[in-house]
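Novice: Would you mind keeping the following structure in view while I ask a few things?
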Amino acid sequence: MTGLGVMVVMVGFLAIASLQSESRPCDTPELGFQCGTAISHFWGQYSPYFSVPSELDASIPDDCEVTFAQVLSRHGARAPTLKRAASYVDLIDRIHHGAISYGPGYEFLRTYDYTLGADELTRTGQQQMVNSGIKFYRRYRALARNSIPFVRTAGQDRVVHSAENFTQGFHSALLADRGSTVRPTLPYDMVVIPETAGANNTLHNDLCTAFEEGPYSTIGDDAQDTYLSTFAGPITARVNANLPGANLTDADTVALMDLCPFETVASSSYYSSSSSSSDRATADAGGGNGRPLSPFCRLFSESEWRAYDYLQSVGKWYGYGPGNPLGPTQGVGFVNELLARLAGVPVRDGTSTNRTLDGDPRTFPLGRPLYADFSHDNDMMGVLGALGAYDGVPPLDKTARRDPEELGGYAASWAVPFAARIYVEKMRCSGGGGGGGGGEGWQEKDEEMVRVLVNDRVMALKGCGADERGMCTLERFIESMAFARGNGKWDLCFA
Ligand SMILES: *[C@@H]1O[C@H](CO)[C@@H](O)[C@H](O)[C@H]1NC(C)=O
Ligand SMILES: *[C@@H]1O[C@H](CO)[C@@H](O)[C@H](O)[C@H]1NC(C)=O
Ligand SMILES: *[C@@H]1O[C@H](CO)[C@@H](O)[C@H](O)[C@H]1NC(C)=O
Ligand SMILES: *[C@@H]1O[C@H](CO)[C@@H](O)[C@H](O)[C@H]1NC(C)=O
């Protein structure tokens, strides 16, 4: 038994709560968010990043030397978007005006006011990004101590701020490393690509008309409506029984559920080293480490949170991912940039790249060991589609929930949570390399190998003969990106 365990037995429960809350933050660079995990890992894209289980060993093999690493990151936790914020204000208003009483557990709603603002990165989100920069430094230390990443970001404030906080975390790890050989100064340079209408921006796509406003733009919402109608009815009935007069709909139920992650990630108590007395007063809400999740969270059961997670998974899959005929096409521009960086050759792309930016070594340098790009969940879903990260996964069932283990590791919470990160790493391995690329039986000893990790999960790439470590040779990886090299289905965007 650990020293902590002995003390717990001796001193009792109150000591547990305060000891743990003072010693262990909810979020660490290595593992991400680990409080209230039976709930907080089931919030779809509103989950805070957590390290996702990997069937393939995600560590860097002893016999390999990393030669290149690219991170594509989502911004950290944010307030609701402006449109959603307005709908939450309206919902709370309707409850306040309609409800004639508040059932057990619902009392807090009587005095609850929406004060989260809109769109901006929260303090929790900032800290997530600092932690992400630290983690990136540590994983790729051998490169990072000699070279800082080349940084690009989509132009919206929360994304730019996320990039800044990431570089701050990276920088602090660099300064703490006595073996580092470079002494950069903050702020690091970064290329900010505007999100304005009509801009060519591979970190925020907006050009493809048929996808943005045409027939492909409603597939995700329709799929979500189908799944919602399979599970939400009984929840809505219970909520209405507890809020007589409020007369909420299934969509309102989802909005009420949304407020659980948003209220939780808006609270900075998950990162502070001690929790306030008001935190402790509601510590039964299951946050763990003495920190509660928002009271919205305990209005719903764990199985209801799993349904909520799957609802978000369905929405992202059919809205922006492999389930949308034009989803993966939106990720093609970024993948073609990635291929250029991996191979050290100029970008060849006929989709959303900005040829002016990508043709200029100041804004698109080749030959750098580390790259960091900052983007949004929807755009990352397109990139994952273009990479074929979920090739072989059956279309998501719209009427029955599936676990991520049955879906090749896909769930919105596993793929694009707040502060999500895709790592693409290239390495050179000695000792016979990766053990025989999918039946080829051998490989050139110093041929470079590529693999893709999504929130620490090694993706089992299907198209390039990945070995048991998830690695493909650079040549076969590039070959397998034929969809991207052929510009996906970009022609359908304007058909
Ligand atoms: C994130 O970056 C901003 C801007 O530099 C800074 O003010 C803030 O303190 C940073 N957040 C954290 C958690 O370090
Ligand atoms: C491409 O980038 C250049 C340089 O930043 C910019 O002036 C131009 O407006 C961009 N074009 C498009 C279509 O995004
Ligand atoms: C509840 O709302 C529905 C529409 O969402 C409406 O048709 C119905 O009349 C409302 N019931 C009451 C009692 O207000
Ligand atoms: C922007 O993308 C469109 C569509 O592929 C392309 O026609 C145009 O040349 C691009 N503009 C720049 C500056 O790269």
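Backbone N, Cα and C define each Cβ position, glycine as well.
Okay, these came from TrEMBL:
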- H75: active site, nucleophile (ACT_SITE)
- D377: active site, proton donor (ACT_SITE)
- 269-278: compositional bias 'Low complexity' (COMPBIAS)
- C26-C35: disulfide bond (DISULFID)
- C64-C429: disulfide bond (DISULFID)
- C208-C493: disulfide bond (DISULFID)
- C260-C297: disulfide bond (DISULFID)
- C464-C472: disulfide bond (DISULFID)
- 269-288: region 'Disordered' (REGION)
- 1-21: signal peptide (SIGNAL)
Novice: Counting distance between Cα atoms, which of the recorded positions H75, C260, C297, C429, C464 is nearest C208 (disulfide bond)?
Specialist: H75
Novice: In terms of DSSP three-state secondary structure, what is the assignment for C493 (disulfide bond)?
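Specialist: In the DSSP reduction, C493 (disulfide bond) maps to helix.
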Novice: Relative to the Cα of C64 (disulfide bond), which of the disulfide-bonded residues C260, C297, C464, C493 has the closest Cα?
Specialist: C464
Novice: Using only C-alpha positions, which one of C35, H75, C429, C493 is spatially nearest C297 (disulfide bond)? These are the recorded positions in the record.
Specialist: C35
Novice: When you measure from the Cβ of C26 (disulfide bond), how many other Cβ atoms are you left with inside 10 Å?
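Specialist: So the number of other Cβ atoms within 10 Å of C26 (disulfide bond) is 26.
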Novice: Determine, using Cα-Cα distances only, which of these recorded positions is closest to C260 (disulfide bond): C26, D377, C472.
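Specialist: Going through C26, D377, C472 one by one, the closest to C260 (disulfide bond) is C26.
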Novice: Which number gives the other C-beta atoms within 10 angstroms of the C-beta of D377 (active site, proton donor), all protein chains shown included?
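Specialist: D377 (active site, proton donor): 20 neighbouring Cβ atoms within 10 Å.
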Novice: Measure from the Cα of C493 (disulfide bond) to the Cα of every one of the disulfide-bonded residues C26, C35, C464, C472, then give the nearest.
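Specialist: Comparing Cα positions, the candidate nearest C493 (disulfide bond) turns out to be C464.
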Novice: Find the one among the recorded positions C26, C35, D377, C429, C472 whose C-alpha lies closest to that of H75 (active site, nucleophile).
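Specialist: If we rank C26, C35, D377, C429, C472 by Cα distance to H75 (active site, nucleophile), first place goes to D377.
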Novice: What's the CA to CA span in angstrom from C35 (disulfide bond) over to C464 (disulfide bond)?
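Specialist: That separation, Cα to Cα, works out to 38 Å.
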Novice: So, three-state DSSP: helix, strand or coil for C26 (disulfide bond)?
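Specialist: Reduced to three states, the DSSP call for C26 (disulfide bond) is coil.
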Novice: How would DSSP class C208 (disulfide bond) in three states?
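Specialist: Where C208 (disulfide bond) sits, the three-state DSSP reduction gives coil.
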Novice: Pick from C64, C260, C464: which of these disulfide-bonded residues has the biggest number of other Cβ atoms within 10 Å of its Cβ?
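Specialist: Compared across C64, C260, C464, the most Cβ atoms within 10 Å surround C260.
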Novice: Three states by DSSP: which one describes C260 (disulfide bond)?
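Specialist: In the DSSP reduction, C260 (disulfide bond) maps to helix.
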